[in-house]
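Trainee: Grabbed the feature section from TrEMBL, which reads as follows:
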DOMAIN    A:194-216  domain '4Fe-4S ferredoxin-type'
DOMAIN    A:247-277  domain '4Fe-4S ferredoxin-type'
Amino acid sequence: MNAKANKNQVTCIEPDYYQAITEAIRKEAVKILKDETVVGVVGYLPGRRKGTASPALVTTVEEAEKLIFSPACVNNLSVYLTKAKKGVLKQGKVGIVAKGCDMRALAGLMTESQLQREDLFIIGVVCPGVYGFGVERTGTLTEANIARKCRECTVHMPEGADVAAGTHAELADLTPEEAQEMARIEAMPQAERWAFWKEHFSRCIRCMACRQVCPFCYCEQCLCDKNRPQAVESSPRPAGNMAWHLVRAMHLAGRCGGCAECERVCPMDIPLNLLNRRMAQELKELYDFEAGLTPVDKGPLNEYKENDDQSFIK
Amino acid sequence: MPQIITEQNLRNLIDLLVKEAKLVVGPKLSGSVVLYEPLTAGSDLTLDALPRRSSKELFFPICEDILSYKRENGAMKVNDVDRSKFPEAVLIGAPPCDAGSPAILDAVMSWDYKDEFYLERRRKSTIVGIACTKGDDACFCRAVGLAPDAEAGSDLFLTPLKDGSYACNAVTEKGQALVAAHQNLFSEGAGAEPKPFVDQAVAKLNLVKIKKWLEEHFEDPLWEKIADICVGCGACAFICPACHCFDINDEGSTDDGVRRKHWDACGFAKFTNHASGHNPRDVQNKRYRNRIMHKFKYYDDKFGKTLCTGCGRCIRACPVGIDIAEILETINSKQD
Amino acid sequence: MHVEVTKHDFEPKIVAFVCTWCTYAGADLAGTSRMQYPPNVRVLKFPCTGRIDPVFILRAFQKGADGVLVSGCHPGDCHYMAGNFHARRRFAAFRALLDFVGVDLNRLQFSWVSAAEGGKWVDVVTELTERVRTMGPMPEFKELEHEEQWSGAINTPELKEAYDSIG
């Protein structure tokens, strides 16, 4: 652990911290809307229920003054900039509120030529973390209610944003629950691993929330919606569910920015980010690729080296 | 004189029903979530959380075979599913927002086309509802005309009492039969005081007014405002006790396969996609509008009922925090 | 020419996804040279290993394959310049995924077999077939095919077990 991080590490993040970010976001959003730098800002508005927030596509100064940032601002808003949401935002430069994990998605979308940096005004959030699912939403972020992905966050600082909202604060001594879970699964005998995933996938209802919130699932025609020919059964049965989740993980390999939205939105609590994480780990080991905050020329599965490992090929 | 059943006897009742080879379905911990699942013993029953999915799947399975086909000696042989094999079932521990859904869905399932898959399962099932003493800020059953102690849809209705036992009211003949068959588990008596209900955040809505507004505002800026953020998943529809759209798919090959009926959702872009490629609900806010219209206008037009029980599941599950209760309140508060 | 046929208790189903330019030609060479190899393999021809989607492998396992072989041109020999280089990365990743969900990678073989390597084709197919034969049928995906969610099943296995235990 480095000294710089230690200095800012605390046991809870008070609402004041988020309030300061909120103020900064409002100020910036109002400014860029007023001087017509952007046609709209994608941010968060508070929900009806205490401690909730919703994505919002804001086009007026009045609305921009209501934008917030709180631990309930869990969404990765970059999904609204993709082809999948085309027509929702007016043509032109768009402002977007982005946490570090969301910025990795933006970088990935730029890598894939889905976005142009000059079309974006990124209001980066120096984010200490957001709520997990089904936790107490008190306004204060603690070890008890922080999301699993945030426990191992490496992108608190949104480097490369046009402006950054917030100073720097992070919770101290968080247990890396996801890493521990990964290790537990990897240590299982093979049959047990199969049983673990089979149980999880069998619960899947194929609501496709994991696909719909994913910034990288922007295909106009999903392979898994096709029935002539049919690659993956569309009926929500254990067989098709297993195939769907494996295809999903495979299609995100080398692209996923690790925002874990798929896992957050799953109404059946399937730990989908573990699959993404396993793929990311493999691509790091094999091709030294890591999803980062800056766009790259090509993703790891879109390029090759002549001397790539082929020890598994006869 | 009301009948009383102790918590232990309620669990014993489940044991007995399982022994009678009935399919007993109730809230059960499955992995990290509580779901309605077949109970194999009374001890499985978990009444401290609202199951993630509604109990509609007992009557309207997430996916079921409706026939199988096979080409034999050049001729296609079709085998219908033998519906007489559907098990006798008891749904136990469903709060009014779940227990009440069949009472709403029966209308559409036995309308011009009789959905025998649904109806056969309905005929063979008994619903033991339970008054709801929990709830959170997403609950709004009172707002849509139900209540934590609404008996609609239940055959036998349990009210939790402060001493941990339950007061039972046999609402229908099926309920009476269930009590009569296990009379020794029930006792007569006044019982303790009922447990209090939780207050709800959403006030009672004027559904007539909401319907009238919907009638006049098929085109309205509100739809874009509330639904442009919708990402088009099916989470809200799939976990809803009242949503009942389904798709039918043939799976297998041209010579050998199964025809399956499974849940579908109006939020999916493909839901209304025509073979020509034309999509009448081409953008997400039109799809979301249909969800509201169907629940609070179309269904009422046809069957005189509201297609919502206020369970709040869609509010809790929506990936982007769309809050149907908030939308209804907004419409309710409009001047005209 | 007469080759003695050994009877086995279990004949595995092997599905081979091969590229048309190298491995398919290699398999053809094995055939025209009258080399013998296990008839368990079902060959599916593709333009290039780059066209072989991981979903094909899943589908093969789901529909009854006990083992899968993917084979194409040696690195540098791709008819489309780089198809096999891309495939190599993709399958390296896919293997990790399958392993993570609990699939035995011994059932999945990748190989480079050129048009001149009829003998190597025979070796690869024979080795995979015999290895899978000793492993027995692959139950995982096939069992899943027959599983239903409880609500769609007419008799749920869980309940059946409970009834059986009651006796």
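From the backbone N, Cα and C atoms, a Cβ is placed for every residue, glycine too.
Whatever TrEMBL says is automated annotation, not expert-curated.
Keep in mind it's a predicted model, so treat the numbers as computed, not measured.
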Trainee: Go through the chain and flag residues at least 6 beyond the ends of the domain '4Fe-4S ferredoxin-type' (A:194-216) whose CB is under 8 A from any CB in it; none is fine as an answer.
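Mentor: Same-chain residues near the domain '4Fe-4S ferredoxin-type' (A:194-216) but 6 or more away: 75-76, 78-79, 81-82, 84, 105, 108-109, 112, 185, 188, 222, 224, 234-236, 238, 240-242, 244-245, 248, 251-252, 255-257, 259, 261-272.
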Trainee: Within the domain '4Fe-4S ferredoxin-type' (A:247-277), count helix residues (DSSP H, G, I), strand residues (E, B) and coil residues, in that order.
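Mentor: Across the domain '4Fe-4S ferredoxin-type' (A:247-277), DSSP assigns the residues as follows: 17 helix, 0 strand, 14 coil.
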Trainee: Do you know the DSSP helix, strand and coil residue counts for the domain '4Fe-4S ferredoxin-type' (A:194-216)?
Mentor: 13 helix, 0 strand, 10 coil
Trainee: In this predicted model, what is the average pLDDT of the domain '4Fe-4S ferredoxin-type' (A:247-277)?
Mentor: 96
